[in-house]
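Engineer: Questions regarding the structure given below will be posed in turn.
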Amino acid sequence: MADWVEPAPARGRTSFMNDPKVRSIVLQVVALVLVVILGWMFIDNARENLAAQKIATGFGFLENTAGFGISQTLIGYSETSSYGRAFLVGILNTLLVAVIGIFFATVIGFLVGIGRLSKNFVIRLISTCYVELLRNLPPLFQILFWYLAVLSAMPNPRQSISIFGEAFISNRGIVIPRPLFGEGTGLVLLTFGFAVLATVLVNAWARQRREETGRGFPMLWIGLGLIVGLPLVAMIATGFPITFEKPELKGFNFVGGMRVIPEFVALTVGLSTYTAAFIAENVRAGITSVSHGQTEAAHSLGLRSGLTMRLVVIPQALRVIIPPLTSQYLNLTKNSSLAVAIGYPDLVAVFAGTTLNQTGQAIEIIAITMGVYLVISIITSVIMNAYNKRVALVER
Amino acid sequence: MSLTFDDGTFIRTEMQTPLPPPRRNVGAIGWMRENLFSSITNSVLTLLGLALVVWIVPPLIRFLLVDAVWTGSNREACLGPEVGACWPFIKAKFAQLIYGFYPAGERWRVDLVFFLGVVLLVPLLVLSWPHKRLNSFLFFVAYPILAFILLTGGNIDASNFLFGHFGLIRAVAGDAGVAGVRLGFWLDFLLTAALCVAVAYAIGRLAAGSGRGAARMTAYAFAGLGLLTLLWDIDFGLERVETRQWGGLLVTLVIAVTGIVTSMPLGIALALGRRSQMPIVRLLCVIFIEFWRGVPLITVLFFATYMLPLFLPVGVNPDGLLRALVGVALFTAAYIAEVVRGGLQAIPKGQYEGAMAMGLTWSQMMRLIILPQALTLVIPSIVNSFISLFKDTTLVLIVSIFDFLGQLRAAFTDPNWATPVTLYTGFAFAGIVYFIFCFGMSRYSLFVERRLNTSHRH
């Protein structure tokens with residue numbers, strides 16, 4: 001190192017250019033310019049292509065008549081309705097599958113997740129097999145399996161499988177009793193709402209009292225009594241306004257009742273069992289993340305194991321479970337687009353499928369479809385981030 | 001044994017051998033009492049669980065093995081009241097499930113690609129195998145190029161590069177003829193390369209004071225691209241096989257492997273961009289990543305199939321499989337980017353500071369210090385991304401590309417094999433294949449995780 005000569009200090013221009021600030025600005029400008037050029041090229045090409053193929057542009061098509069039927073509609077829709085209406089029907093169908101799928105996935109997922117930690121060997125084995133099998137098969141495979149191999153193989157309506165004579169499973173889907181709302185329904189619903197509100201309030205009070213005095217409160221029974229009992233009293237008082245119309249077999253099909261199309265059943269079952277396998281793993285990870293010392297401490301304070309689970313372990317486990325649970329919910333919602341493979345009329349099937357085929361306006365339609373999913377993702381993550389902030393560990 | 005005194009008392013001098021534990025508490029019975037029947041609820045659960053097992057497992061075994069039909073040439077063999085799985089159906093459709101409609105005489109090419117893939121992949125997966133650098137180069141760079149030539153037949157008539165689209169070259173190269181087109185292409189290529197190198201030099205000089213580095217990088221990139229095109233343009237005498245004829249497991253694997261190989265560099269770049277100090281670069285990367293992660297893969301495939309061609313110059317209409325591959329690569333890159341970002345964040349700040357204190361430039365720091373550690377940390381997550389990518393390849397059947405599941409679905413419609421058990425046989429076979437792939441990969445990822453984690457265990 002003796003003959004190392006200090007380089008001459010850089011002169012004006014070079015030192016200015018070596019300034020990291022200048023460099024980063026130049027780099028960012030270059031990046032931005034490249035993106036803008038790319039975007040401009042895309043737009044330019046798209047304009048030329050659309051002109052060449054004589055495809056209309058703009059969102060005017062949403063008001064044109066759709067002219068196709070949809071097999072499941074939650075709001076009024078007919079073939080003379082507009083594409084915009086079909087879009088709404090699609091969104092609602094997607095949301096319906098998502099909400100019901102999320103409910104069942106959560107229930108199954110928690111049961112299986114707890115089952116994987118069970119001391120019972122048989123339960124543990126079954127839970128492990130469930131998780132490993134369902135997690136390692138493609139969701140589309142599972143949905144096709146439920147649709148083609150299970151539901152299509154059900155007997156025809158005349159030989160349908162009866163569930164206590166109330167609901168019937170056949171190859172045309174499931175028929176369940178349809179609720180009919182008569183005079184006085186409003187009062188019953190009002191009572192129900194009141195009961196729920198009361199339960200929430202009593203729960204808050206019981207919780208506060210427990211934290212102050214340590215005295216417990218049979219919240220489960222009181223809550224159940226409120227939620228079931230009050231509306232029941234109201235029903236009796238108003239003379240049972242809510243009745244159920246039973247489906248009846250007439251000729252070759254069922255009359256009356258509410259028909260759930262087989263596509264919906266296959267999709268819901270497929271998605272919820274698949275997602276449940278992932279949720280089970282999240283639940284298991286969450287519960288094992290609570291250190292065993294917590295359980296031991298709770299036991300030594302004299303809490304029974306049920307209470308230990310409810311008051312000590314689960315609140316801490318939820319903190320770990322919630323974030324991945326959210327992304328599983330989002331995955332389920334996004335996977336509901338697999339509907340298009342079995343013909344359930346969700347957003348993608350109705351809009352990006354049929355509507356795109358009829359109008360050819362690929363850019364608008366795919367942008368709208370992607371936009372809907374993006375909005376759902378963003379809303380969910382905003383809500384969940386807020387919740388997460390509330391339950392997150394406050395570190396000192 | 002013991003000391004006995006006159007008054008009858010005695011002192012024991014040796015420990016008495018302990019009695020054996022009650023037979024109910026040890027051995028099989030004890031285990032069952034503790035694990036299966038420790039309480040009433042537990043016993044009920046055990047019985048319910050056993051009932052479930054008995055309800056599912058024996059019929060399944062009966063269907064798959066005992067009652068199964070093993071030989072036959074058409075549906076006649078599998079008709080009957082008490083027939084299990086119809087394996088001759090799978091045997092008859094096996095080639096279709098693996099190769100799709102790849103010409104029978106050319107299937108050795110697919111076999112060769114599969115074989116080479118296994119030969120290169122196995123030493124890569126065995127962590128203690130030496131020559132990882134060479135091996136990764138062979139698998140991630142040389143193998144895809146070779147596989148492309150083998151599968152498509154190479155000899156892609158390269159005609160236009162950049163200027164060709166503006167009709168500039170045709171004037172120089174004269175009228176067509178294969179040699180003329182080829183000459184025109186290379187003239188075009190060299191011209192574009194020279195232009196780009198010059199631009200890179202100018203920008204580099206402006207931004208960093210010396211344009212030599214940027215110019216050299218650009219020149220390398222073009223040299224690589226040129227070499228690639230040259231290789232793909234050589235006529236090896238292989239028959240050309242359109243991707244429309246591909247199908248089955250071949251397409252499944254092509255999409256999965258291409259997806260992961262192309263999304264890795266893109267994902268790493270995006271992850272670095274997202275961690276960058278430059279706000280505009282960071283914003284662009286965040287938008288890109290969150291956009292692709294927020295939409296379902298099906299809409300991405302619809303985008304790639306119907307929307308992407310509209311964004312390309314008039315007349316350019318890429319092949320259906322290529323379009324799907326672009327969609328899958330963009331989608332996977334966003335997920336890989338998040339995985340890599342996790343790895344980057346797990347590297348302690350001291351590593352960055354140490355590298356900077358050594359006087360390394362940003363690219364040296366990333367290349368030599370940070371990325372090797374970060375990528376090793378996230379190998380299990382990358383394998384997990386690969387598993388979900390592998391499962392997601394089934395979605396291409398919605399945009400009319402017949403992967404393994406798509407071919408299976410097509411096989412169901414064959415009237416020669418229309419029996420009540422065909423459907424179940426097909427699903428059982430496909431289920432077993434998918435399960436073996438995914439389960440194997442997930443075990444591997446667990447194994448790597450355990451190997452890498454040994455030092456961090458508390």
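Glycine is no exception: its Cβ is also placed from the backbone N, Cα and C atoms.
OK, TrEMBL features for this one:
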DOMAIN    B:249-445  domain 'ABC transmembrane type-1'
TRANSMEM  B:36-57  transmembrane segment
TRANSMEM  B:112-130  transmembrane segment
TRANSMEM  B:137-163  transmembrane segment
TRANSMEM  B:183-203  transmembrane segment
TRANSMEM  B:215-234  transmembrane segment
TRANSMEM  B:246-271  transmembrane segment
TRANSMEM  B:283-308  transmembrane segment
TRANSMEM  B:320-344  transmembrane segment
TRANSMEM  B:365-387  transmembrane segment
TRANSMEM  B:421-441  transmembrane segment
Engineer: Out of B:36-57, B:183-203, B:215-234, B:246-271, B:283-308, which stretch touches the transmembrane segment (B:320-344) the most, going by CB pairs under 8 Å?
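Structural biologist: Most contacts with the transmembrane segment (B:320-344): B:246-271.
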Engineer: Short question: most Cβ pairs under 8 Å with the transmembrane segment (B:246-271), which of B:36-57, B:215-234, B:283-308, B:365-387?
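Structural biologist: If we count Cβ pairs closer than 8 Å to the transmembrane segment (B:246-271), B:365-387 scores highest.
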Engineer: For the transmembrane segment (B:215-234), what are the same-chain contacts with Cβ under 8 Å, counting residues 6+ beyond its ends?
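Structural biologist: Residues 145, 148-149, 154-158, 182, 189, 192-193, 196-198, 200-201, 204 contact the transmembrane segment (B:215-234) from elsewhere in the chain.
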Engineer: Quickly jot the same-chain residues contacting the transmembrane segment (B:365-387) by Cβ under 8 Å, restricted to those at least six beyond its ends, or write none.
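Structural biologist: For the transmembrane segment (B:365-387), the far contacts come to 256, 260, 264, 268, 272, 332, 335-336, 339-340, 342-344, 346-347, 351-352, 354-356, 438, 441-442, 444-446, 448-449, 452.
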